[in-house]
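> The structure under discussion is supplied below as structure tokens; questions concerning it will follow.
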Amino acid sequence: MATVAMINKAKATPKYATRRYNRCGVCGRPRGYMRRFQLCRLCFRKLASEGQIPGVTKSSW
């Protein structure tokens, strides 16, 4: 879990725009980020399996 200080640091506007990075909106995780949902892969999987993300279905082949 990300610390509060790291989440606040990511929210602040940096001196240069290229230094900005994405974090999960739920847990603050910086890796495995899915831009379309603004979630990390772990939170996305949990919320999708609970049916809380509309339009997302489990696929099998």
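Note: Cβ is positioned from N, Cα and C throughout, glycine not excepted.
Copying in the features that Swiss-Prot gives for the protein in this structure:
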- Cys24, Cys27, Cys40, Cys43: Zn(2+) binding site (BINDING)
> Cβ-Cβ under 8 Å from Cys40 (Zn(2+) binding site), same chain, 6 or more residues apart: which ones?
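Long-range Cβ contacts: Cys24, Val26, Cys27, Arg29, Arg31, Gly32, Tyr33, Met34.
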> Counting only residues 6+ away in sequence within the same chain, which have a CB under 8 Å from the CB of Cys43 (Zn(2+) binding site)?
Cys24, Val26, Cys27, Arg29
> Out of these binding-site residues, Cys24, Cys27, which one has the fewest other C-beta atoms within 10 Å of its own C-beta?
Cys27
> Write out, in the order they occur in the sequence, the residues of the chain not among Cys24, Cys27, Cys40, Cys43 that have a C-beta within 8 Å of the mean position of the C-beta atoms of the recorded Zn(2+) site.
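Going along the sequence, the neighbours come out as Arg23, Gly25, Val26, Gly28, Arg29, Gly32, Tyr33, Leu39, Arg41, Leu42, Phe44.
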> Tell me the coarse DSSP state (helix, strand, coil) of Cys27 (Zn(2+) binding site).
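In three-state terms, Cys27 (Zn(2+) binding site) counts as coil.
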